[in-house]
Amino acid sequence: MTKSQVNTWGPAISSPAELTVIIVGLGIAGLTAAIECHRKGYTVIGLEKKPDANQLGDIIGLSGNSMRILAEWNNGSLAHLIDDDITCDVTALELFDAEGHQRLAMPYNANDPNQGYLFRRTGLLTKLCHYASQLGIDLRFGVNVDGYWETDSSAGVYANNEKITGDCVVAADGFHSKARAIITGETPAPEDIGVVAYRSIFDADAIADVPEAQWILKKAQTADIWHTYYAKDTMVAIGTAARGRYVHWGCAGALEDRSESWMQPAAPYPVLKCLESWPVGGQLAAAIARTPPGKCFQQALRAIPPLKRWVSTGGRMIVIGDAAHSFLPYAGQGGNQAIEDAAVLGICLELAGTPNVPLALRVVEKLRHGRVSLIQKGSVEAGDCFLDAAWESDDTAERPTAFTHQAWVYAHNCVEHAYKQFHAAAEAVINGREYTPTNVPTDGKFRQQDGKCM
């Protein structure tokens, strides 16, 4: 699809080199936005307060709706992003009860868009950062952004006593975004859902001398495993990555030890205490108890209601990713929707042209807000299913599953959708009309099962 085919609305597209995009936050949303904007020919300045691209976390899944975007990079090859060291090579997601009985084994294929690849989060971010650097994108780490500003013709930030100017600012600074309130004027109150999450990933050498933990390495060097154990109000996922080089585990439940919503270092003792009452607990504890110091993190899960808007009053600043729509982890879509945001951002800037940056950002909001808000709400619904293990229920919808299968989420092509819907959304912005999203189910409901889009 060429520019001449898609840019049928408004003035001709200006030279891409005339547009400078400032991106604050270089996590998954920020790095993919930087790459997508660079691919359109724009000048990108990426700012990150941390000294490098490393982030806390264990495993992240990217399904077909985001992988199709990454697959367009590097001449259509994913080889630069996918290797054995950063992926989980699993052939099945195995589900167990607290007795240790296997209840379900769901075949897993990374090439299935409803499933996708499982990555070590830090490994994926390192790959994204390396690729962006190879492209020559200006990435600046260790930079503290102190303020945001915009005029009718430009926007920028104050960082490390420097005023940085561009045509627009994209804030991808995460769940605890400082930019959110400045850009949107909103400070939504997080809802405590009564769940604490623990997570860890560490070198498998830590369990090498533990006979009771060797079950987790049964496929090491040839494949990985992924086991999820469900009990009332608590679930534990445990497995390997990089064909047995790493052990990862996560626990979410109504545990006694409560923390702030910030992810922070912790010891796994509350998890081990919980497992004492599980018949299978000793098997799991054999590995979890060997978590090295500094490798376990916890946080209280909090649900944030959807924002009313993502774009600043002047139209030259926007929030994306977790800064715009933080998800609970149960929907498995946080990283995926951040990547969709990034791709749609690049397309809207391309189609609107340099003189129309405010229009471009407002169209991004029109195209993305309804979709991610519904998934955001749905992540709470998904959490209820994960933590209410009704193995004996006659209603299959009440039994635990490893993932949901909504085609409108996993099979969505946000690139094709953005090109097709840009003009309708742009006209809605210009004329002050409501825009009806076409990338959500017709009845506007999330559902654990599938729903058809308009």
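Just so you know, glycine gets a Cβ as well, placed from its N, Cα and C.
Annotated features in Swiss-Prot:
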type     : residues                             : note
TRANSMEM : 15-35                                : transmembrane segment
BINDING  : Glu48, Gly61, Arg121, Asp322, Gly335 : FAD binding site
CARBOHYD : Asn75                                : N-linked glycosylation site
ACT_SITE : Arg199                               : active site
ACT_SITE : Tyr229                               : active site
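Positions of the features from Swiss-Prot, shown on the structure.
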residue: Glu48; record: FAD binding site; CB count, 10 Å: 24
residue: Gly61; record: FAD binding site; CB count, 10 Å: 19
residue: Asn75; record: N-linked glycosylation site; CB count, 10 Å: 6
residue: Arg121; record: FAD binding site; CB count, 10 Å: 21
residue: Arg199; record: active site; CB count, 10 Å: 24
residue: Tyr229; record: active site; CB count, 10 Å: 26
residue: Asp322; record: FAD binding site; CB count, 10 Å: 24
residue: Gly335; record: FAD binding site; CB count, 10 Å: 24
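Proximity of distant same-chain residues to the transmembrane segment (15-35), defined by a Cβ-Cβ separation under 8 Å and at least 6 residues beyond the stretch ends, is recorded for 41-48, 50, 53, 55, 60, 69-70, 73, 124-125, 128-129, 131-132, 135, 137, 139, 141, 145, 155-157, 164-174, 177, 179, 320-323, 335, 338-339, 341-343, 345-346, 349-350, 354, 357. When the C-alpha distances from Glu48 (FAD binding site) to the recorded positions Asn75, Arg199, Tyr229 are tabulated, the minimum falls on Arg199. In this structure the alpha carbons, written CA, of Gly335 (FAD binding site) and Tyr229 (active site) are 24 Å apart. On a Cα basis, Asp322 (FAD binding site) lies 19 Å away from Arg199 (active site). Between the CA atoms of Arg121 (FAD binding site) and Tyr229 (active site) there is a gap of 22 Å, rounded to the nearest whole number. Take Glu48, Gly61, Arg121, Asp322, Gly335, the residues named in the record as contacts for FAD: the widest Cα to Cα gap among them comes to 23 Å. A gap of 18 Å separates the Cα atoms of Gly61 (FAD binding site) and Tyr229 (active site). Cα separation, the residue listed as 'N-linked glycosylation site' to Asp322 (FAD binding site), rounded: 29 Å.
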